[in-house]
């Protein structure tokens, strides 16, 4: 359908519309000119100013390109100048090059070459398969969850951090993002340590700087060498990364080729051993394995020129110059020296011996179970001749050491900005890579256990095979293939980690969710994260200083497991919430699989190292709380927000069942604030007092009324709401803000009282300020609104609190070191007067104040018994307070009472007439709003009010006191206003006398008169009742019990 159906009609179109897409930022969108589409949409021309046309939206979606890795985040809009200067390169990487091979390169690493044979030897084939199964199952389940998240819409570069933060919110995203960053950083340290171990143990052993002075100091010397060379290597790598990442990316293919060639050589050597096992004999003394590099021939004697002479081995176990058995080691004398093959071959049946575990204690000598041995005590100085375990091993330790070899599954999602079709490539490539690596690990475990002798498998550093890399002895055609290949692959993996970690930190810093990390969001002009690289280098140096590959591996396992745990949690939460935006293209996921993956991650954390797990969780928890309280608030449509909504809905439906029990009652406040002409809060101490009373618990709704029309005052309403929210943040009030636009303030307040809250989460107490200056005001609506609010709260069965002189109330920074909170309990109000001081004393401002309770006893009351009953009541309430009884003595001279009370009221009126010269003009309509009519009081109920006639008579007879006296004398003794004023006067005298120095006085608030003609008198009564007191809190109960003696 078109707006112009006839060529003769003139249609007006709009050009250069501001088309703000709700989907994608479009700073580089070119301005559109008037076209036929515009001219034929005249019906929607008002909409086109704020909403895009379908054609422009679709063209923008088609031309959208993901931002490359390490660049700005998806939400950041690039400037028009920058977008003109450089045209983004369209992504063209497929599944193989973009996801599969990078994942292979990241998953295969140092553990496969340096530790997998040792793990098989210690744990046996069965438990090794279990370890591989647990780790690979965990990563596979995580990959399924990650695939669902990655295919739920356009995923810009950012990897795990982006997915978790946008799925679980900034708190979880920041915490897990930093854990992932720390894991990647420690991974670079682990790869560097692996490369240095290969360099010093197998490539150039002569390069060692530190040498052991004895056999026991070899470990410490090796660690020191690792620290020195590791620090040098880290510095060189950091320089390479700083100079240019393009060199790292260009070398990635070479490093990947090294990995693949090394793995292929292992398989080739294993199958070749079926017919031609390699020659790597090992020397055994009894059933103990000997270090082979200390001697040449595996025998006690050798023949030189037809003469039998002691071998180098014998010289090592016997005293120099004397080769008799008496001067040799006992174990050496009683056991034979034998030589066995380190690699019997695939068909040798060695798999039966390597099937089960053989965990070692630290320092325990590696022994072969099948060889004959005579147990004898050997000399300690010969301990260095044997191959021994350098650390104590267990199943849990091996899990923590092996798990890093299963990580690296995020490589594809990290490169999502370079993929042609990320939503197809990420799931397929990642799952295929995990399947491939899992098969390699499973087959490697079986091949190692089937081909290599058990004592050689347990020999971590290849001491028994002349310091060769154990897996290298199996490879074909030469061990150097594995040594050189594994060295370059570990160096490449270290460079990749050192490149990715700073960019991850830069992405977190640019999100601005962690304030102290903002400096790391800056870098060089080309976007390289210089400061983030510096911090990454320092943290990696900490890992280098640990110097032990076996100790660093469990640390990064914790951080990676924490990250994977939250990836699974994110998928499970989104699936269970069924949010409308959760529509992944990858369909082979289920919340049960995500929960299983999450459980496995948690189990692996505590299995591998429970104390490292606790440390990682504490670090993540601290970051979470820091972001929650200090970080910038972000709205990313995350699942935690949806989870909160679902939990809130469930809780509200539960609360709807019935009113809360008395034990659960607490004041749920509706604080009515007044704003001045500039929309500033007039009495901010109301919020201060509310925060002290609530102490962060329960519901607080801060409401205000903007007078006017909603259509015209919407902007003013938003400004008022923001002003109140800012004040709530300053005063630390945790609650909600509700602004109502109404033509009259009175109606707006009634709307707030009726409609605030939701379901069972509604306010039960109203707090409002006192109408100061109501006597001087020409407009009676101020105090009329006050009394109307009192009546509305009474009708709604809500409690009411009116802090008088609220500007004198303490701020949150003040502390009362002494003083009293005086409660004047005149009528029972459900226990409000007892509960409020108790709640106040929970706050640090009022904590040291003492509570005193004053009761009013009539002449016919048994005051002694009354005091005992009150003491028992307070004891059962578990409230500590001092009880003070007061007598209220009625004067028998009623005429004197009436004269005193009426003269007191006249005095207040005279003061009002002096201060307000215009009050006589409005005196006829003093008790009604401008829309209301004056209602005459019935003659049988004469009120102590002031009408126009009385005022005129007062002016004519000002000097005629006897007539006034006769008028007062003519009043009947049962007139209620006189009694009320007398009560107010006398009670005020007593309160001021006893509580003039109290920090706070709580007092029952009298109810308003049923007849509206007595409203001004009611205000006078309240003024008289509270006169001379610095801080008064008038309290009126809501008609229900709020405190109980029962548990």
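From the backbone N, Cα and C atoms, a Cβ is placed for every residue, glycine too.
Please treat TrEMBL annotations as automatic predictions, because they have not gone through curation.
Residues or ranges marked as region 'Disordered' in TrEMBL: 69-89.
Residues or ranges marked as transmembrane segment by TrEMBL: 99-118 (among others). A Cβ distance under 8 Å defines the sequence-distant neighbours of the transmembrane segment (99-118), meaning residues of its chain 6+ beyond its ends; these are 190-191, 194-195, 197-198, 252, 255-256, 259-260, 262-263, 401-402, 404-412, 415, 419, 425-426, 428-430, 432-434, 436-437, 440-441, 444-445, 448, 452, 456-460, 469-471, 482, 486, 489-490, 492-493, 496, 549-550, 553.
TrEMBL lists 99-270 (among others) with the feature domain 'Amino acid permease/ SLC12A'.
Annotation source TrEMBL lists transmembrane segment at 130-155 (among others). Counting residues 6+ beyond its ends, the transmembrane segment (130-155) has Cβ neighbours under 8 Å at 64, 66, 74, 119, 123, 162-163, 167, 395, 398-399, 402-403, 405-407, 409-410, 413, 416, 422-423, 426-427, 430-431, 434-435, 437-438, 441-442, 445, 561, 564, 567-568, 570-572, 574-575, 581-586, 588-589, 593-594, 596-597, 600-601, 604 in the same chain.
The transmembrane segment annotation in TrEMBL covers 175-200 (among others).
Among the features that TrEMBL reports, transmembrane segment is placed at 228-245 (among others).
Non-local neighbours of the transmembrane segment (251-270) in the same chain are 101-102, 104-105, 108, 112-113, 278, 346, 440, 443-444, 447, 450-451, 471, 474-477, 481-482, 484-486, 488-489, 491-493, 495-496; each lies 6+ residues outside the stretch with a CB under 8 Å from one of its CB atoms. Annotation comment: TrEMBL describes 251-270 (among others) as transmembrane segment.
TrEMBL lists 370-670 (among others) with the feature domain 'Amino acid permease/ SLC12A'.
Counting residues 6+ beyond its ends, the transmembrane segment (391-411) has Cβ neighbours under 8 Å at 99, 102-103, 105-112, 115-116, 119, 122-123, 127-128, 131-132, 134-136, 138-139, 142-143, 146, 159-160, 180, 183, 187, 190, 357, 359-362, 430, 433-434, 437, 441, 550, 553-554, 556-557, 560-561, 604, 607-609, 612 in the same chain. Annotation comment: TrEMBL describes 391-411 (among others) as transmembrane segment.
Counting only same-chain residues 6+ beyond the ends of the transmembrane segment (431-457), those with a CB under 8 A from a CB of the stretch are 99-100, 103-104, 107-108, 112, 116-118, 120-122, 124-125, 128-129, 132-133, 136, 139-140, 143-144, 147, 263, 266-267, 270, 273, 277, 282, 284, 289, 340-346, 348, 350-351, 353-355, 358, 366-369, 387, 405-406, 409, 412, 464-465, 470-471, 473-474. Summarising the annotation, TrEMBL assigns transmembrane segment to 431-457 (among others).
Residues annotated as transmembrane segment in TrEMBL: 531-549 (among others). Within its own chain, the transmembrane segment (531-549) is flanked in space by residues 110, 114-115, 182, 185-186, 188-190, 192-194, 197, 223-224, 226-227, 230-231, 234-235, 238, 241-242, 498, 501-503, 505-506, 509, 519-520, 522-523, 555, which lie at least six positions past its ends and keep a Cβ under 8 Å from the stretch.
For 555-576 (among others), the entry in TrEMBL reads transmembrane segment. Beyond the transmembrane segment (555-576), the same-chain residues lying 6 or more positions past its ends with a Cβ under 8 Å from any Cβ of the stretch are 138-139, 141-142, 144-146, 148-149, 152, 160, 163-164, 167-168, 172, 176, 179-180, 182-183, 186-187, 190, 400, 403-404, 407, 543, 582, 589-591, 594-595, 597-598, 601-602, 604-605, 608-609, 612-613, 615-617, 620, 639-640, 642-643.
The transmembrane segment annotation in TrEMBL covers 588-605 (among others). With a cut-off of 8 Å between Cβ atoms, the residues of this chain six or more beyond the transmembrane segment (588-605) that come close are 134-135, 137-138, 141-142, 144-145, 147-148, 399, 403, 557-558, 561-562, 564-565, 568-569, 571-572, 575-576, 612-613, 616.
TrEMBL lists 684-802 (among others) with the feature domain 'SLC12A transporter C-terminal'.
With DSSP classes pooled into helix, strand and coil, the tally for the domain 'SLC12A transporter C-terminal' (815-884) is 24 helix, 17 strand, 29 coil. If you look up TrEMBL, you'll see 815-884 (among others) marked as domain 'SLC12A transporter C-terminal'.
Per TrEMBL, domain 'SLC12A transporter C-terminal' is recorded for 935-1047 (among others).
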So which residues does the transmembrane segment (175-200) touch in its own chain, when a touch means Cβ under 8 Å and the partner is 6 or more beyond its ends? 109-110, 113-114, 159-161, 164-165, 168, 207-208, 222, 225-226, 229-230, 233-234, 237, 404, 407, 410, 469, 483, 486-487, 490-491, 493-494, 497-498, 500-501, 504-505, 507-508, 514, 536, 539-544, 546-549, 552-553, 555-556, 558-560, 562-563, 566, 616, 619-621, 623-624, 627
The domain 'SLC12A transporter C-terminal' (684-802) resolves under DSSP into 53 helix, 25 strand, 41 coil
Segment-level pLDDT (mean, integer) for the domain 'Amino acid permease/ SLC12A' (99-270): 86
